[in-house]
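Taken from TrEMBL, the feature repeat 'PPR' applies to 162-197, 198-232, 233-267, 268-302, 303-333, 369-403, 473-507, 618-652.
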Amino acid sequence: MGVTHSASNLSNKVQVWVYQSRGLSSLSCIQIFKETDTKLPNLSKFPTKNQFSAKKLLPDTLLSVNGSTSDLDSSLSLFKRACQKKEFRPAADTYHTIILKLGMTGKVGEVEGLCKEMVEGKCPGFEEVIFSLIDAFVRNHRLSEALCVVSYVHLCSNKPASLSVYNKMLDALVKAKKDFKDVVYVYKEMVKAGIVPNTDTLNYLLQALLGAGRADSMLGQYRRMDKKGCKPNSRTFEIVISGLVSSGKYEESLGVLDELFSSGCEPDLSFYASLLPIFCDMNNLEVGMRLFGMMRSSKISPTSSIYGCMIQCLCKNRLVDEALTLVEEMTASHPILDEFLLTSIIDRLCEMNKLSEAKKLLEDQNVSIASPYNVLLQAYVNAGDFDIARHLFDEMFDRDLTDVGSWNILLKHFCECHEINDALKYLGKMIVSSANPNADTYSAIIIGKSSMDEYEEALTLFHKAWVKSWVLDDVSYGQLINCLCRSERYQEAVQVFSLMSSKRRPLNSVSFDLLIRGISGITAQTIKLLSLAYYSGASPSISTLKTIVQGLSEGNKVDDLCTEYCILLINLMLTEGLLSSQNCNALANLLSCLMKNSQLHVILPAVDTFISNSEFHDSSVFSVLIDSLWRGGYRREASKLLDLMLGKGWVPDPGTHAVLMGSSFVEEDGKDAEVPVVCEDSVSGILAQGLAECDH
């Protein structure tokens, strides 16, 4: 007859194993219970254990044997052989040991099978085993195995304990970001067990809905909490409000926040730590101040991060005095200010030209980091107070607070003021002080060399920086291009521009215009540079675009030009107001290039934009477009343009008329080519009539 155990006895035996496994990861468990060959083991290797299986296979004996056996297959085989004997009935702790071993090695099917066998056999103490297994699997992140066991919780009579187990399972699934269907499965198991969910249960469900991208459903579940006998708590409001904001439902989040204010719910620290940064980042100072006031009234001490977001929000709204008051309050409990926060405050003070207040704050806080001082140093330079800036730098140097950024601020100032010798002196001191030059250092010196038209040295510095994978700042980039163009080193300028554009660094429009004018005779190259400019994010001026179009209008061929560059320029001409009778030749050249490459269809959207612009007044451009579209097979688009042209009272030129009417026309090589006769329609009829009237 099997030996039974009381619940307390089972708990004690189970807990020994559970505590031992508390710190184990799933990997370590797999290593301990290493799988062997799936065949049944040779029992002769286990004489002592087989004596038990042949004689007295009592549950305690089997538990002892299984507990001392690291071979999982042997344990499972021994257990199954024992179960075949009629007089043997496994105890609950025996099931617990073998199921836990199986689960830790990922044998989900065996876990489910043994759980079913234990429950259907009405093994005494199975409820405690079910609860203990779920706890162990969850703690060891074996959620698939835990889900197998959860399916038997509804058979347990201890409802309060069951609710706790379900909530623990939901919590684990949500934190692990498991599929929403797994959360729904556990929730349905709760319903099957007749267990009423509490607020914690619904909070997990709300989180799962958000994780699945179902913000509307989440809001609906929140609205129905009262019907389920649950009252929203601090965590509920935290989940719903933050979830609505992250889902772009800002107005709805404010509505739920108003419900919080009127509900009498007392938010906890987690609520404030989560929501205050959200509203401060959105610069909603009113909500931020109200929540901060509520927190103070509740006697909850703000954390340094909460202080930080409030201070930054006040600074954004130029309420620096209020921000400084909070700084004083914060330092009473958090003496060391965060570097980013302190730098942000100094930056805002400098922006408001409160440099003396910024200096005092740094001194009062006994700041020993460079970044906030660098902000103040740059502010003095920008304000033209260079003597004060140099004095501050000397103080920083004496206190060992300078970094490469501090040196670069002074170097750039000297170079921009054409004081290159002073810049080089400071560069020498910088290297001696073990501050390694960086990309900003090179950028500063390039500005100085470029301003003195020392293009060779400036170009050498650029290439050295490029080899180090450093990219110049926008100012030095523009200065270098200007210097090379002034020195008529256009190809070197093109090389620099191409390299920088490959890193998506835009060139200012003035420098780009200077470069284009320098190489305006090389039409194909200018259009390629225009394409690079747009790729890098630059916005060339209208004068630059006109320079390129003018080059095309002077008879330059574009046969060797890539079609994508032609498309770019045609689109710009059609949409940027660059078309005129003087540019018709350029337009014809580009359209011809596209026709030869069968790419005319790409510009049709731009043609539609052009057609919708009723302000355009130039018949010659209409003629070129109609001629090209008709020859390219886009007769409907050509007819639209013709209707618009005739509506303005204009008549196409003879060449365009010949194409439309099916007459012969002369190709570019001088040979005549026949165009198929077009069936006379309303448009061509109007055209013929118009031309006839002009002849009289």
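Each residue, glycine too, has its Cβ placed from N, Cα and C.
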Per-residue pLDDT averaged over the repeat 'PPR' (303-333), given as an integer: 90
Residues in the repeat 'PPR' (198-232) grouped by DSSP into helix, strand and remaining coil: 25 helix, 0 strand, 10 coil
Chain residues outside the repeat 'PPR' (233-267) and at least six past its termini with a C-beta under 8 angstroms from it: 199-200, 202-203, 206-207, 210, 213, 215, 218-219, 222, 225, 274-275, 278, 282, 287, 290, 294-295, 298
Cβ-Cβ under 8 Å with the repeat 'PPR' (303-333): same-chain residues at least 6 beyond its ends: 269, 272-273, 276-277, 280-281, 283, 285, 288-289, 292, 295, 340-341, 344-345, 348-349, 352, 354, 357, 361, 365
